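According to TrEMBL, the features are:
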- 7-283: domain 'Phosphofructokinase' (DOMAIN)
- GLY15, ARG76, CYS77, GLY106, ASP107, GLY108, SER109: ATP binding site (BINDING)
- ARG25, ALA26, VAL27, VAL28, ARG29, ARG159, GLY190, ALA191, GLU192, ARG216, LYS218, LEU219, VAL220: ADP binding site (BINDING)
- ASP107: Mg(2+) binding site (BINDING)
- THR130, ILE131, ASP132, ARG167, MET174, GLY175, ARG176, GLU227, ARG251, HIS257, ILE258, GLN259, ARG260: substrate binding site (BINDING)
- ASP132: active site, proton acceptor (ACT_SITE)
Amino acid sequence: MQKKVNRIAVLTSGGDSPGMNAAVRAVVRTGLFYGLEVFGIMRGYQGLIEDDIFKMESRSVANIIQRGGTILKTARCKEFYTPEGRKKAYEVLKRRGIDGLVIIGGDGSFKGAMALSKEYDIPCIGLAGTIDKDIAGTDFTIGFDTAVNTAIEAIDKIRDTADAHDRLFIVEVMGRDAGYIALHSGIATGAENILIPERKTNINAIIDSLVEKERRRKLVNIIVVAEGDEIGGANEVARLVKERMPNIDARVCILGHIQRGGSPTGIDRLIASRMGYHAVECLIEGRHNVFVGIQNNRMNYIPLDSVGKKKGTISEEWMKIVKILAS
Ligand code: ADP
């Protein structure tokens, strides 16, 4: 017979993303609605091992839905990679009588949750909190939409100054393994080129087109580069361009961590709220050791042991759109 869940805990782990607070809020309030006791774990798996845990009430999550970052803080925890570290974590959970865990984080955090749930009888539910949208099985991850909108706002501003000076700007956005932030923000800002890890970059063809554009005096160009593109980021692209076009007025702008912060967009608040609610339902219904995704606007429950990086899924059509619209 299915074991009843009474006490659950929630943590945020790995890279932070805007909307994590909205997800924490949804988990806490749904848990309380169903009569569960809910605990917050500070600093991810590190706080779990150190028993940095507190009881949460409805008002613990008041006024946080609009805030970036995470009230529970996040961390990377070396000890959790080891069986000894996970044993300590289990002992803390056991001592506190916690019988269900919600993990908000990226694929690394999900691997940690899987390892814990395989070794011990602790049901774990993951919520995909990552700005990169690099997890297979979900159309949305918490924070992606906000990061894209932050990049769009920044690139729009860069285009104003690029236009004033007739300059080439090479803008680097986040995305080590996945080019979605680059692709979405690049299309939405009319970038002339978008360089992403999923596609082989033909830098010579790009420089050829810049030379040709210079000939017809089209001097304002924006190239958006994902940090993980195989060419090696915006500085390297600029170096290669200048090698062949020494007189070009080219500038580099690396957007960096501003993409992780800020108030979450409506979409991120909404998906975080839906996912948080369903995470608690999963624990109650006995649908354990899955992460909650959304596909075609339906909840999708993916077993944690099949979590994988979303790779190479950007279709030719998207790239065709980039090319046609930027010509
Ligand atoms: P993200 O969750 O954003 O992908 P990380 O990859 O840094 O970030 O993972 C967050 C934390 O999850 C790690 O610091 C570690 O504590 C835990 N973790 C990641 N991978 C594993 C693994 N294979 N086994 C156990 N714990 C892991």
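The backbone N, Cα and C atoms fix where each Cβ goes, glycine too.
TrEMBL: automatically predicted annotations, no manual curation.
Per-residue pLDDT, averaged across the domain 'Phosphofructokinase' (7-283), gives 96. Cβ neighbours of ARG25 (ADP binding site) (same chain, under 8 Å, six or more residues apart in sequence): VAL61, ILE64, ILE65, SER273, GLY276. Shown in sequence order, SER13, GLY14, GLY44, TYR45, ILE103, GLY126 are the residues of the chain, 6+ apart in sequence, with a C-beta less than 8 angstroms from the C-beta of SER109 (ATP binding site).
Cβ contacts within 10 Å of ARG76 (ATP binding site), excluding its own Cβ and spanning all protein chains shown: 15. Non-local neighbourhood of GLU192 (ADP binding site): ASN221, ILE222, ILE223, ALA326, each in the same chain, at least six residues away, with C-beta under 8 Å from its C-beta. On the backbone, the CA of ARG251 (substrate binding site) and the CA of VAL27 (ADP binding site) stand 44 Å apart. Secondary structure at VAL220 (ADP binding site), as computed by DSSP, is coil. In this structure, the CA atom of GLY108 (ATP binding site) is 33 Å away from the CA atom of GLY190 (ADP binding site).
Counting Cβ atoms from all protein chains shown, GLY108 (ATP binding site) has 16 others lying within 10 Å of its own Cβ.
You'll find the Cα of ARG76 (ATP binding site) roughly 36 Å from the Cα of GLY190 (ADP binding site). Ranked by Cβ neighbours within 10 A across all protein chains shown, the binding-site residues ASP107, ASP132 are led by ASP132.
Cα distances from GLY190 (ADP binding site) to the binding-site residues ASP132, MET174, ARG176, ILE258, ARG260 are smallest for MET174.
DSSP classifies ARG260 (substrate binding site) as helix under the three-state reduction. Rounded to a whole number, the C-alpha distance linking LYS218 (ADP binding site) with ASP107 (ATP binding site) is 42 angstrom. Of the candidate binding-site residues, GLY15, GLY106, ASP107, the one lying closest to MET174 (substrate binding site) when CA atoms are compared is GLY15.
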